[in-house]
Structures are given as structure tokens and as C-alpha cells.
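Working notes, structure below.
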Amino acid sequence: MGGHGHPYSPAELDLPGFVPQRLSQVEVVAPFVGTSLLLVLSVWLISGRCRGGRLSKTDRLAMCWWAFIGVTHIVFVGPLVFTPDFVSKKNPNYFDDLFKEFSKGDSRYAARNTAVLAYEAIMVGLIGPAALLAVYASASMKSYSHILEFAIGLVQVYGILFYFVTAYLAGFNFWASSFYFWVYFIGANSPWVVMPLFIVTRSWKKISEAFGAKKVKAR
């Protein structure tokens, strides 16, 4: 523990009534990773049978991503937004310890930084439900599926840029050690850079092809 009774950086961060994490790192991370892998595998297998197996592998990959995003934000991140005292609860639950652990990679969560909270609130309230809608739209091959995916992807790209830029402007010193910097701050957040960019590019191509086909028919 640091001088203020917590493991976070900066050491002078004031967290009144801080209650130490009760679950170990493995006990916190394993359920999250296990649940996520089970979800992704289930969506991948089920999507292979959707629409008589006509969905492409990239469509199925996108569905896995949207399912992961939707469940992660609604089930796992939601409690963070609506539990302002998660660092000081006398009887913390799994979700409290999950964000105590993740805060070792970004102490702005433990400090209830307003910029980060606003970002996560938007992800929980808007992107989470929209991502689940994208799963349904892809499985049903709705005409609006690529437009929806493009819009969500753009919001995610903007969101992750906002997240990293605000960290840089605020001092870029929110991780307990280099391990948490690379594994949590960089590693855990990197899919939010790679996948949205992939989906935005792919969706834009699909939208352009659709408009191109309509112009040809109109001639």
C-alpha cells in the first residue's frame, strides 16, 4: 500500500475510507476473461447457423465483438457508473474488486474522474445497447446493419482517443507499475482501437458498395 493506504498512482491520491481489495488478481480476472471467451465462442458458433450459414466470417467476427462490447458495458462496467463508493464499501462485491484491480492500470476510475465517468456512462447507456442491437441486425441481415456498425465504430474510435488524450493531458501517471501500464492500460484497451477501426473501414466499404449498386440500378 502507498502512503495514503492504497496501491494506486499517484501516491498522493486521496481516497477516504479506502477498503483494500479482497479478491486476488486471478480471482478477479479469471471470471471476466472466462465469461468473455465463453460469450464470444457461443456467438461465433451460433452465428455460423444464422441465415442458413450465409454470414461471412467477418460478419461473425463483428457479431462477436458487438456481443462482447454490449455485455461488458452493461454487465461489468454498469456497476462502476452507479457505484460511486466502490473503493470504500465495507463489504465489497466482485464488481467493486474488479474495478479496484483495473484501477491499478488507471487510477482515474478509483478517483471517480469526471471525464472518465462521463465516457463510461456514454458507453454503458448508449454503446452497450446499440452493440447488442448490432448483433441482432447482423444475424437478421437488416438493411441498416452496416450503417449502425459504422456509427457505433465511430463513437468507439472517438471514445478511445478521448480516453488516451485526457490521460496524457492529465499527466500520464495513473498506473501502479509498468506491468499494469502494459497489461491493463495498453493491452486491455488496445482492442478498442483495433476492432472499431476495422469495423468502420469494413462498414464504410459495404455502405459505399450498396449506394453504388443503387446508382447502377437507377440508370
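Yeah, the Cβs are placed from backbone N, Cα and C, and that goes for glycine too.
What TrEMBL says about a protein is an automatic prediction, not a curated fact.
Annotated features, as they stand in TrEMBL:
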- 58-200: domain 'EXPERA' (DOMAIN)
- 28-48: transmembrane segment (TRANSMEM)
- 60-82: transmembrane segment (TRANSMEM)
- 116-138: transmembrane segment (TRANSMEM)
- 150-175: transmembrane segment (TRANSMEM)
- 181-200: transmembrane segment (TRANSMEM)
DSSP-derived helix, strand and coil totals, residue by residue, for the domain 'EXPERA' (58-200): 105 helix, 0 strand, 38 coil
Cβ-Cβ under 8 Å with the transmembrane segment (181-200): same-chain residues at least 6 beyond its ends: 62, 65, 102, 104-106, 149-150, 152-154, 156-157, 159-160, 163-164, 167, 174-175
Intrachain residues whose Cβ lies under 8 Å of the transmembrane segment (116-138), provided they are six or more past its termini: 43, 47, 55, 59, 62-63, 66-67, 69-74, 77-78, 80-81, 106, 108-109, 144-145, 148-149, 151-152, 155-156, 159, 162-163, 166
